[in-house]
Amino acid sequence: MNFYRQRFYHVLAFRLCCCFFSSTWFVPDEYFQSVEVAYHLVYGKGHLSWNVWLPEWALRSPLHPLIYAFPFWLLKLFSLDFGFIIRWIPNIIHAFLFAIADICFINWAKSVIGFSLDALYIILPIYFTNWFIIYCSTRTLSNTLECCLMLIALNFYTKEDGNYVETKKKNDDNFEEEKLAKFSIPKIDSFCICLIFVSIAGVIRPTTWLLWIPLCYGHFVFYLLEGLDVINQEIITKRMEEYILSYSPFVIIIPFFTFLLDSFYYGRPTSTFFNFFHFNIIKSGNALFGSHPWHWYFTQGLPSILLFASIPLFTILVKLIRSRYYVDIRLDRRYILCAGLYIFSLSLIAHKEHRFVLPIIPILLPYIAVEINSYKNEFLKKWLINLIIGSNLLAIIYFGLIHQRGPYVANNKIVQYVDEKLQKDNSSTIYVLQLMPCFSMPMYAGLHPYAQNVSITMLDCGINNTTDESEQFHSSPIPWLNKNWFSKKLYLTNLIVCYQHIFYKIESFLMQKGFERHSVIFHTYFTSSSRQHSKIILLSKIEEE
């Protein structure tokens, strides 16, 4: 126990350090489906995006934001809700959760590779240095939470402490009757605990079931057939009944609880799981956020996450297809098969993102490590391991500290500006205008404790609009400003945030309205969209003497 506790402390310290690599902007969901919603629950002010939190859509369960809302509420209760604590406490929560998941991953990986110490010594460095896991581990994404819950569930899935029948053969005539008599409804075993974590993950991220339905089916078949030399319909029927009675409550209780929670939050009976499935699968609503070719995960998504580790992954997949390689080395292949099915299923959905495959990255790493360990050439083996680790360290330094850091720097500048203004007049309201693509910056939660004194206007790209307001602005910036300057009361604005190429287009207009350049902020070297730029401009209104 002391060994596991000490190992957990080491892993926790590592994950806390990973918090510093979450200081760059990744995707809007990191903020607007978690922290901003939690802030709204506790402080009554926060932006709720149409595609998640309006009752007519109800696509996400409030279970995820409640993870942050509760500590926010406690901090507020004891007057400890300082700005920097509100900023970092969600990341610290994720660091703690992922540290638990790390320990579970190590235990699970041992069972997958057949307790090969050589392979284990390769797994650990490529797992703990994988740039995408470090990058996402402390971010407030539902995908990160899904990954944590999945690793914890896998740890319990592999524990063989269920009440199975004896596998030892018996030759007496009463063997079948003995097995049937011995078989009783199991108590809460490891698979029950596994199902609880899977159900929670499935509520937060319904796509979790794409991975777990095959795994649960495999467990079901093993449960029915374990110890049987000859198929006995009576025994199988009895076991099937016992299986359903034993495990179905652990699958039902969490969705039922979240149904009540969803209905209470949205003010009407509703199921976010069904709404999510209907919107994204039946109506293909996910295509509104961009569509990609079916092969994107195979040709771009996974290679950009695994980097040079893609090479041993490819070779071991070839061996899986062409030989009995897995049988020879006692490697459990069911997980990589389920991971492949998971990626294939996601490939059928139009909208694709790197973060969607985060949960299966840890699943792939033990197989990659075993393949590297199988190389006969020691120089090649060490060279490839060093190449994988080195490339991942370079990637996390760039993506975690440099790439798209502008929004958080701009947010800090806004906090400083608001603080200075409120020191002069603590009753004033500061108006901020974000002339950027939708959901490009933190909002009210990022401005704590000044959120109540700030009003933010963001370009609207909600589905209810016939025309995307962001599209209107970026296609014709000056006409849009002329049209909305008075109708939307934009003349009250104190601060404007925009990308540099947009600033050049509207500079003369803003100068006439009494604005000056406050800050020029570095954003990135490589933009991910034509609407972005390498620099962000913060403009402030010139104060009248």
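Keep in mind that glycine also has a Cβ here, set from the backbone N, Cα and C atoms.
Automatic, uncurated: that is what TrEMBL annotation is.
Sequence annotations record features per position, and here TrEMBL assigns transmembrane segment to 7-27 (among others). Panel annotation: around the transmembrane segment (7-27), residues 88, 91-92, 94-96, 98-100, 102-103, 106, 128, 134-139, 141, 353, 355, 396, 399-408, 440-441 of the same chain, lying at least six beyond its termini, place a Cβ under 8 Å from a Cβ of the stretch.
According to TrEMBL, the feature transmembrane segment maps to 93-113 (among others). Listed by sequence, the residues of this chain that lie at least six past the ends of the transmembrane segment (93-113) yet keep a Cβ under 8 A from its Cβ atoms are 4, 7-8, 11-12, 14-16, 18-19, 67-68, 71, 119-120, 123-124, 127-128, 137-140, 144-145, 147-149, 151-152, 154-155, 157-158, 331-332, 335, 362, 365-367, 369-370.
If you look at the transmembrane segment (119-136), the same-chain residues 6 or more away from its ends with a CB under 8 A from one of its CBs are 14, 18, 21-22, 26, 102, 105-106, 109-110, 113, 143-144, 147, 305-307, 309, 354-355, 358, 361-362, 365-366, 368-370, 372-373, 385, 388-389, 392-393, 395-396, 399-400. Annotated transmembrane segment per TrEMBL: 119-136 (among others), in sequence order.
Residues annotated as transmembrane segment in TrEMBL: 210-231 (among others).
What TrEMBL records for 243-266 (among others) is transmembrane segment. Residues 55, 58, 61-63, 185-186, 191-192, 195-196, 198-200, 202-203, 220, 223-224, 272-273 of the same chain lie 6+ residues outside the transmembrane segment (243-266) yet bring a C-beta within less than 8 angstroms of a C-beta in it.
Taken from TrEMBL, the feature transmembrane segment covers 301-321 (among others).
Here TrEMBL flags 333-350 (among others) as transmembrane segment.
Away from its own ends, the transmembrane segment (384-402) comes close to residues 20-24, 122, 125-126, 129-131, 134-135, 307-309, 311-312, 372, 375, 524-525 of its chain (Cβ-Cβ under 8 Å, at least six residues beyond either end). The transmembrane segment annotation in TrEMBL covers 384-402 (among others).
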